[in-house]
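A.B. asks: Submitted below is the structure of interest, expressed as structure tokens.
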């Protein structure tokens, strides 16, 4: 069967998602022979983030320290506040879709970190995309949007799902006409644009301004960042320390949003196989982008599953074990054979020495974000 | 894992592709207790197709008798002949793709019934579509083209793969400019259009005229149709008889091209699961079209694998066993539960009583087409 390569990957995924790794825990600060000295760990993390142990990132990696997510700036004008209010109303309005079946919020559900709990996005008429609904907390801060970074402004981004036939399936001009015909948005439109009707650019502006106003709810990690040192349990603190060190997570997941807003191939391109998705390469056609997808924010990550751009991981611990195994490096053979389109795994992804307690601690830390 | 439903289907497919069905052969004309009377069968098929046993088709099904494929009409003018010649040259010219990597013929290879042997189409830069390269022998006779029938002329069809980013990735205007700049096509363009350069409509016209000129090579079945009664072996003749009767194939695969040129849901929509493809519904948004794909011609079918719109069957006998099992009817539960988007299996697909010898005979017959 031609599906064998895929099935093999799935089998590997299942094995790695199920079986405990039995590697010995390597010594890192405050741990020896696999045992944590929690008092020692508390001391390391007693100050502000700038004083914490330096993260384990590779030479050449630009990273930012962990930090609180910047607050939304106060509205510069009543019009801006009104645009956000209009954008919010439109975000939750299924009239934006052709048949009125789905709103932006059908897929971007606030309580699921603005995702939908599904492996792949499902739009009007039950049509399905080939990627997962992306979480939105990084969107206000990202230079490039969508999993493949194909647009560089929120104004351009927000129109994509409206027009996309497998999402809201509504030509933008028709969506604008629909919105302008609805009594319920009239006063918001008047307040936002001092006019009785909006145009395409204004529809995009209002939705983009609403997305720009989205922030993750405050969590235990935020309280810890703010100086409440008992906001994380010992196990969660061990997870934070592993995240910064042994598990190498901060090579990509750093800064206030826990993302570098960059693109990396982490081994999920399914190159040459059914479900192949070459990610950012499909936009740029630059071989350096083969199989690369945007690093998602980890803010609210526990509520944002199933994970990865294609929702292939239903379990965060399975995902962590897979990272620990260098994601299986499924294209290694094709790369070695010189296939010019086989995506080389990002050199940031390496086999890690994580045992099952490490995976548990990392998963516990992820729950605090 | 969210992949379980897919894996289940694959498992079923594998089982059905591997394991011999052990049903007793029901009695049909010239067979009793599972034994064929080949002399009897020869008598049934000694005359012209119109005298053969009536096929087993359901009430309401419009069908045509098996017949030779109509020959290409002689060119009505030297210009038409020149258009075909130009279209042929363009069909094999990789300059039509943006980077010059692929021609129409890269995917539509004459010796593979104008398919490519791959489960899913692969275009320039190794990008992959979600459907298989369709065979072309039915194209000159079809009212609607592509697996989902989204265009209704060959002129519209031939431009699709040129512009498609995951196929030839070439904006049509750029492809036209490229062709006009090539010395090698100049005299053919002059002969076809009495001009030194062609425009977009003429590019389409030439390619379409070439596709209209494609005919399957003559086969054993053609010789049998033409009256050479020893052109089919006993086993192949048993397969022909089963094809017309017990196996119900002619409900969809009838007429000279062995296709009704229609659309049917045969259970491969993957509804609600990864790899969902609702086929013609995605074009019409009519629920009657949920999961329906174009019936392919069976002319040259043995050379056109792997089979189905998504190339999921690597083996014709596995495919036949799956038909014998009513394709597993994977959406039956969702249909019964009243899900309005769950595609009901075409009523033409039913559990068949085919044993392994029947499958062998049918496969042998398919090899003669």
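Positions of Cβ are set from backbone N, Cα and C atoms, glycine also.
Remember, it's a predicted structure, so these values are computed and weren't measured experimentally.
Here's the feature list from TrEMBL:
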type	residues	note
BINDING	B:104, B:107, B:108	heme c 1 binding site
BINDING	B:249, B:252, B:253	heme c 2 binding site
DOMAIN	B:82-215	domain 'Cytochrome c'
DOMAIN	B:234-369	domain 'Cytochrome c'
SIGNAL	B:1-23	signal peptide
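A description of the local structural setting of each listed feature is requested, covering burial, neighbours and distances.
C.D. replies: Secondary structure at residue B:107 (heme c 1 binding site), taken from DSSP and collapsed to helix, strand or coil, is helix.
Listed in sequence order, the residues of the same chain lying 6 or more apart from residue B:249 (heme c 2 binding site) and placing their CB within less than 8 Å of its CB are B:243, B:362.
Mean pLDDT across the domain 'Cytochrome c' (B:82-215) comes to 98 in this model.
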A.B. asks: At the level of the C-alpha atoms, what whole-angstrom distance separates residue B:108 (heme c 1 binding site) and residue B:253 (heme c 2 binding site)?
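C.D. replies: Cα of residue B:108 (heme c 1 binding site) to Cα of residue B:253 (heme c 2 binding site) measures 22 Å after rounding.
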A.B. asks: Please classify the secondary structure at residue B:253 (heme c 2 binding site) using three-state DSSP.
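C.D. replies: The residue in question, residue B:253 (heme c 2 binding site), is coil (DSSP, three-state).
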A.B. asks: With every protein chain in view, how many other Cβ atoms are within 10 Å of the Cβ of residue B:108 (heme c 1 binding site)?
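C.D. replies: Excluding its own Cβ, the number within 10 Å is 23.
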A.B. asks: If one measures from the C-alpha of residue B:252 (heme c 2 binding site) to the C-alpha of residue B:107 (heme c 1 binding site), what distance in angstrom results, rounded to a whole number?
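C.D. replies: Cα to Cα, residue B:252 (heme c 2 binding site) and residue B:107 (heme c 1 binding site) are separated by 26 Å.
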A.B. asks: Around the heme c 1 site (B:104, B:107, B:108), what further same-chain residues have their C-beta within 8 angstroms of the site's C-beta centre?
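C.D. replies: Going along the sequence, the neighbours appear as B:91, B:103, B:105, B:106, B:109, B:114, B:116, B:133, B:161.
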